[in-house]
């Protein structure tokens, strides 16, 4: 089964991706991971991508597409895959569909984990990490015994720059601009499956399993 995973930052995609990957025995392919692997292994594609990233530029669609296609050609993808972080644009989605059609395959489902902005802000801006040992906390969901102090090492808990309200709102705006056309694209292909991401993680996964079971 070939699955695309869509959803805003803070929607819990990573958690669900791990569960889906285990249940359906398909690799969870994160574009961030395959970029890092190509750069670490100094592949020609990785070095080309690094040249853009070092200048603070976006990696062009064509190069991103080639890196993803290269990964999808590996043996562990023969029975399907779960793509997370790709496609980000309609152009990338069209290139993926063309690649799959050439292999007599297709996108089976585009899962959209939907979470309202207020809840994402609560989830992400409430995150805290220990400045000493890196342990994770949340001011509402995973609280330390003593406010602002790590249970494990006594270090000071801090908010990462990525988790400030301003940064989260910027990321949500970028996501909205990028993803809305993709949502329409997959809706028109009749493969978009929207799920309520506000539920507890096991309930979200149960709903995902039900909708995937209906098409599998």
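Note that Cβ sites are derived from N, Cα and C of the backbone, with glycine treated the same way.
As stated in Swiss-Prot, the feature region 'LID' covers range 126-163 out of the listed 88-125, 126-163. Checking the ranges 30-59, 180-209 against Swiss-Prot, the region 'NMP' annotation falls on 30-59. Mean model confidence of the region 'LID' (126-163) amounts to 96 (pLDDT, 0 to 100 scale). With the fewest other Cβ atoms inside 10 Å of its Cβ, the least crowded of the binding-site residues 88, 127, 160 in this structure is 160. Using the Cβ center of 130, 133, 150, 153 for Zn(2+), the list of other same-chain residues with Cβ within 8 Å runs, in sequence order, 131, 132, 134, 135, 151, 152, 154, 155. Note on proximity: of the binding-site residues 12, 57, 86, the one nearest residue 150 (Zn(2+) binding site) is 12, by Cα distance. Every protein chain shown contributes to the tally, and the Cβ of residue 12 (ATP binding site) ends up with 19 other Cβ atoms within 10 Å. Comparing the binding-site residues 31, 57 on other C-beta atoms within 10 angstroms of each C-beta gives the minimum for 57.
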